[in-house]
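Worksheet: the structure to be examined is printed underneath.
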């Protein structure tokens, strides 16, 4: 990727993980929702993804987009996700196509498929040895309005790819935590995404050639119920972390040090 | 269904087909977007599905909803489908759940999956003998913003079913024409839905027991590329029409009489 990469929602946690891992590998153009406390190390704009002018400015000269911006709260109310997540993503795609951007990476979420975790399947599906897997071809099944908005974003990507040819990768991001996996939270351990693996999979989305993909963005956890097959095959993603390699008893010092 | 059925978009073509076939079988409560030219034969309200108060009033005492309202134009611009189709459908579901409605039938569309009709597959997929079939389990693949909005409506239904228990049936309606199938339009013949079959499938959605379904609403056309299996199995739908039984040469008088 020779041209700059536009990163929206750059101030959020996923944005931090991406920038910490890939700051020097790409030329970044950040879109921030609010003015930053500290001057960023990269070019940036401040504005809202629902504002067409902001989005058009942000897209100028860009080769690829990693679109993370939106209301990130699983409990976000419908009017907010309708505007920030659904309408904002449509405006981003429209501007990307208009600007001739080649590649669009969309931060989807485990919440787009959260309702597959039925009472009958849990907690067994969160445990090593259980062979239930979601592979990214399934119909969305969100457990909240936030998840509805992420599924709608995936469908928007399908449309913009089919009708306008832009390469689209949807990453259904798991449970991103810095340093170590969630403690005493099986579901979070099953879908853990380490900061370094988060950077890795986003590097892959910028480097690989693809048409339209839906992949799961998690580390290679023994407990996983999301298949990594498509991410490995389509993107060459090679995760290096595994929530099972952390043990609260052995790493108690690390936990205490790293917890934020 | 002993309680009244709320029919939104009752003034549109699908609404007409439903009412023509089922007027006497149910007690209807109509929601019309504009005041009617002629006094309807049923109870009715005039208002917009994006207006929470209207929707709450319309839902009062209702046992089931057939939700057809929305911008019906395949070429409808994004702001219109975002508001009328996506937000409107969310408001309908929210009000239905609030009112304890048991069953929600959503008028989805062939446009939710229109982009499966790729250059490589067409026109062969529109012809008898071709065995390509969509069965309703596939990921949405809309060819326009209208189709995006219909796919988003399906996902909303998935959420409201999973989280709130309401029975949901999405009918991906084909090409509804009165009297005879589209002439010289293979695609339209493949996905033809006759007026009587439109009434039949909606009767089934009101009578059958189901959790969450996505079915194709077409007649039993020889040319079809939508599977009727799920509609037959889950709903007991037994279509009686077939676009292949119409031949322009034989029925020229009918065509001329029936064309509108």
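All residue numbers here begin at 1 and follow the chain in the order shown.
Using N, Cα and C of the backbone, Cβ positions are placed for all residues, glycine too.
Just so you know, TrEMBL annotations never went through curation; they're auto-generated.
Quick caveat, the model's predicted, so the values are computed rather than measured.
Site annotation for NAD(+) in TrEMBL covers A:84, A:146, A:150, and the matching candidate from A:109, A:167 is A:109.
Take the mean position of the Cβ atoms of A:84, A:109, A:146, A:150, the recorded NAD(+) site; other residues of that chain with a Cβ within 8 Å of it are A:70, A:71, A:72, A:74, A:76, A:81, A:85, A:108, A:111, A:112, A:147, A:148, A:149, A:153.
Here the CA atom of residue A:146 (active site, proton acceptor) lies 9 Å from the CA atom of residue A:109 (NAD(+) binding site).
Those residues noted as binding NAD(+) (A:84, A:109, A:146, A:150) have their most widely separated CA atoms at a distance of 15 Å. Counting Cβ atoms from all protein chains shown, residue A:109 (NAD(+) binding site) has 28 others lying within 10 Å of its own Cβ. If you take every residue in the domain 'NAD-dependent epimerase/dehydratase' (A:5-176) and average the pLDDT, you get 97. Here the CA atom of residue A:146 (active site, proton acceptor) lies 10 Å from the CA atom of residue A:84 (NAD(+) binding site).
According to DSSP, residue A:109 (NAD(+) binding site) sits within a strand segment.
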